[in-house]
Amino acid sequence: MRKATREDEAERPPAAPGGGPRVRDLVLAALLIAAVVVAVFRPVLHAQALGMDDADSVTGNTLVTNPGWASAERFFTEVRHPSTVRGYYLPVTMTSLMLDWAMGGREQDLATFHRTNLVLHAVSTILVFLLLVRLFGLVVPAAVAALLFGLHPLHVQSLAWIAERKSLLASCFALAALLCYAQRARGGRWPWFVASVGLYLLALLSKPTVVMLPVMLLVLDAWPLRRLSLATVLEKWPYLLLALGSGLVTTLSITSTNSLPPAAGLPVLRMAAQIGYLLAFYAQKVVWPVGLSCLYPPPDFSAPLRMPLLGDLLGVGVAVALVVASLRWTKAVAACALMGLCALAPTFGLLRGSQVIAYDNDLDFPAVAIALLLGYGLARAWAAPGTARAGVRGAALAAGLLVVVLEARAATAALESWRDSVALWRRAVATAPDLAAAHNGLGIALGARSGPEAAIAEYRRALELDSAFFQARLNLGGALLGSGHLDEANRHLEWAQRADSGEARVPYLLGVAALNAGDRDRAAAEFRRAVALRSSFTEALDRLGDLVAAQGHCDESLQLLRRSVALAPGSAHAHFSLAWALQYCHGDGRELIAELEQAIRIAPVWVEPVRQLAWLKVLGPATVRDAAGALPLAERAVALTDHRDASALDALAAAFAANGRFPQAVGRAHEALDLASQTGLDSLAAAIRTRLALYERGIPYTGR
């Protein structure tokens, strides 16, 4: 056995008095850490902003919104050609989001998703604390370092962006794998090693950017575990096999679902400039986390050897020199720097899934390396020898807690921009005014809040900045279509069709345009193409089902619409479309009633199914007719439209007449007639006159 040197003694982690911390102290410290993290980030529970891929990954994902074993199975088995998610293979993450949906998470109320995110982050912070205690033996320094990790404002993005559940889950599992490995290395039994490997697998299935964990374990073996040897290298073979498998799957999933070229094909100088920029960017955000945003403008990489990119490379070079120089006194700085670099490396852009190259959440897991260095430094200060110990401890604790308070304030400020989608994307535009993706995101947010007209200007600005931006072009076409600008919408949609991206929304929107132009045959053909491209595209299934029903193909229509309901049982529109087809095709009246009632339960403020159900109970066959039940439904429809909808008032008049209350029927019919005449609804006005004549003679309207 090698004799310990003075350098080894200097590197030895401080020992806790009495042979190690007591379980009670660990539990109390962990509870305190969790309470502080939850208290600081609690406002995230009220955040209603949707990030870039939240619609595709969560709120518009038919597998997430249709929870069950079948959806979970598809998350795990669809590797190369996933039907609902692009980019990384994320079965554990998607299953987690699906479970949140099952527990009540919805687009209108994201609190369930944020609650899970907050719990995961609190657990991750506790895991960092336990890891530091296991490595360095002291509770107070570990607790302060863990809080410095957990309260950093860069974590806000993962907490508030629901689709970034992947970063939180992967970090949590990877940190647990590190802790189990450290426990095994400190004398624990072999099940700790097995648990570490299993947790690493779960981390990879959550988000594969933690793939470099095996290399980080080797660095951990060198410092602070001081057990690096050939045997410890060879024992990493299970991690290596999982890493290789994950790398293969990740390459397949990204290259088969994204059209962006791999950055590995770029010139060496360009890649070096990108890595240098990212290292400098993240270092600056760690030290000075202000101006945080969901998007950051990338630099101009066309001249990598000019400022400021050259300055970033020089800064990285100076940092490397300082790290190497620190080896004269300690291995801690070099080891932590190497661990952080390993953890961050998968985000450098070798396999790009997005035009954006820098995200706050990329630091979720790499931040553990900073926590290790801080934990070691605080532990050394806590164990300072001699009479100065109390002063050193007090100074270290005060400095650490001061930074904790500053982080908490900055995190609270960063959460403010996530209060709603418009605020989030206005912040992105302010941060990156010349980034097309920022204007596209703001357009989506404005369109969702205020209608398509509000979004058009932002989509146009996005295309001014990047005329080849496919999503902005498609979104502009859809917004113009929704605003009635059919000719211009068609020009943009035809451009998108020529781009031939395989995006199902292209034929869907072309189908809507054809339908608006009265070309039902072309519309049906486009909707069929959309369904062929994405079999779970419920909006296209609904439109196609409505069309083929009107064309007399009732069996096909009902098959399509029942399939849509099965894919999206939480969609009021899907249930209403099926109800309409059942009524048109003279289907089962009880099923028709059930579908309308389900649509009303899902969307209680949507007037159309309420009005339709009222009419059905007035005019339907004897098996479903219910004059008494029709009256409250018709009154509800009138209330929902604030007495300004002629059709709702017409239904209420018919319901009054069906119940023998003809004076009220006459009064409501006159109101309906006035509204229909004022708004130019001539055919409806003529029908109301016919019904009014019946009511004035004391005869209910029966539809005959």
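The backbone N, Cα and C atoms fix where each Cβ goes, and this holds for glycine too.
Heads up, TrEMBL stuff is auto-annotated, nobody curated it.
These features come from TrEMBL:
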TRANSMEM  26-45  transmembrane segment
TRANSMEM  118-148  transmembrane segment
TRANSMEM  168-185  transmembrane segment
TRANSMEM  192-217  transmembrane segment
TRANSMEM  237-256  transmembrane segment
TRANSMEM  268-287  transmembrane segment
TRANSMEM  307-325  transmembrane segment
TRANSMEM  332-351  transmembrane segment
TRANSMEM  363-383  transmembrane segment
TRANSMEM  395-415  transmembrane segment
REPEAT    504-537  repeat 'TPR'
REPEAT    538-571  repeat 'TPR'
Between 192-217, 332-351, 395-415, who has the most Cβ pairs under 8 Å to the transmembrane segment (26-45)? 395-415
What are the DSSP helix, strand and coil residue counts for the repeat 'TPR' (538-571)? 27 helix, 0 strand, 7 coil
For the repeat 'TPR' (504-537), residues assigned helix / strand / coil by DSSP: 26 helix, 0 strand, 8 coil
Using a Cβ distance cut-off of under 8 Å, indicate which of 118-148, 192-217, 268-287, 332-351, 363-383 has the most pairs with the transmembrane segment (168-185). 192-217
Contact between the transmembrane segment (268-287) and the transmembrane segment (192-217) is defined here as three or more C-beta pairs under 8 Å separated by at least 6 residues; is that satisfied? no
Where else in the chain does the transmembrane segment (363-383) make close Cβ contacts, counting only residues six or more beyond its ends and a cut-off under 8 Å? 13-15, 128, 131-132, 135-138, 140-142, 144-146, 148-149, 152, 154-155, 158, 167-168, 170-171, 174-175, 178, 209-210, 224, 282, 285-286, 332-333, 335-337, 339-340, 343-344, 389, 392-393, 395-396, 400
Tertiary contacts of the transmembrane segment (118-148) (same chain, 6+ residues out, Cβ under 8 Å): 13-16, 20-21, 25-26, 29-30, 32-34, 36-38, 41-42, 44-45, 155, 158-159, 165, 168-169, 171-172, 175-176, 178-179, 182-183, 186, 224-225, 368, 370-372, 374-376, 378-379, 381-383, 396-397, 400-401, 403-404, 407
